[in-house]
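According to TrEMBL, the protein carries these features:
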type: TRANSMEM; residues: 35-55; note: transmembrane segment
type: TRANSMEM; residues: 71-90; note: transmembrane segment
type: TRANSMEM; residues: 102-122; note: transmembrane segment
type: TRANSMEM; residues: 128-150; note: transmembrane segment
type: TRANSMEM; residues: 157-183; note: transmembrane segment
type: TRANSMEM; residues: 195-213; note: transmembrane segment
type: TRANSMEM; residues: 269-300; note: transmembrane segment
type: TRANSMEM; residues: 329-346; note: transmembrane segment
Amino acid sequence: MEVSSAAAEGWFLERGLPSVLTRGSRWRRLWSRSAPMLAAYGALQACALALYLVTGGHDVEITGEPSTSEVVVLTIVGLALPLMAVTGWLVSRSRSGRTRAIVATVAAIFVGCVGTIVGGLTDVAQNAAVVAAVLILTACGIGSVVGWAVRTMLSHLATVGALAVRALPVVLLTALVFFNSYVWIMATTISGNRLALAIAFLLSIAAAFVVSATGERVRPMLRAAAGQREDPFDPKDPKDTERLAHTPFATMLDTPDCAPLKRSERLNVVFVLATSQLAQILVVAVVTATIYLILGLIVLTPSLLNEWTHTYTSTATVLGFTLPVPDSLIHMTLFLGALTFMYISARAAGDAEYRATFLDPLIDDLRMTLVARNRYRGAVAAIGCETADEVDATQGSD
């Protein structure tokens, strides 16, 4: 039963549902479970080491045509995040706890060595703090949610086409915004902090809209599973049993009278559903912003830039690097990406075809997950009762 219990716990963690596990289960196999995040951080440190070796620890300022070393620096910076995601994903595919533990150990040692080479004891202490934070976040269940979110983001790349077709009206609308000189003046004069606040404000409104709509859709099911309705949640659906046939819950019994969903579990479920939708929408918004960034690089000549922004500044500083891209163009593409995100979020919440295509399959998976949760909780409770009976029998024989 210990093996199937570990497999069941891993099944929930892969789906970003750590709240389903018992408190003790979330602290088991902590080092091996932290391997994907530690490996991803190790990949980031590998990029930092490569930058240090190329630049010698000096600042890089790109003006005009970039040199060979500057092209290498830009390539490393551009590949850092994809490399982190791919590394974490590859490690997460491993089912061997021993392999994961070895990867986590190697990553931690490598991070310490990079810190020693690049920054000395200060960087070593900083990297040690990051490793400790990863362990704590993994124990709290946040690591599984982050890993699930990354996998969801990558899987949603296949749905970009379907969502982008629905975003065509907002692309046409934002095209008018893109060629509006007054908006370009705003993009030029606004500071980075104010732009970040504006984008965060727009994204928070859109996210609240999606979360509210998702909560309304799943509230009846969650209330039934939480024991707050007269018609209890019935796990004996043949379809759910068939879908769980090749999972760790296949041999576990249905327990409709197990402990109802806790508030943290309900919040976790709504968060997973809402985040899955927001990840889809975010991918489309990023693609739209990238299109406008490329379009701006094509059409923005120095004279046109001066006409729209009243400045000839054609460089921007990103993460300490000076890039040959107008700062106003970056601000504009970020703003258009936020507008796209808002529009698609509002459209997705009220579009019946979108719900049938994207949301209803997620709700079906939710129902299967609740059935698996009931079986898991029932099995854990049964093990507890058997242990108590064995203790009582031992004490009685004494």
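Note: Cβ is positioned from N, Cα and C throughout, glycine not excepted.
Keep in mind that what you see is a predicted model, and the values were worked out from it rather than measured.
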For the transmembrane segment (269-300) and the transmembrane segment (102-122), decide whether they are in contact, meaning at least 3 CB pairs lie under 8 A, counting pairs 6 or more apart in sequence.
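Output no: the transmembrane segment (269-300) is apart from the transmembrane segment (102-122).
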Have the transmembrane segment (102-122) and the transmembrane segment (195-213) got at least three CB pairs under 8 Å, pairs 6 or more apart in sequence?
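Contact criterion not met.
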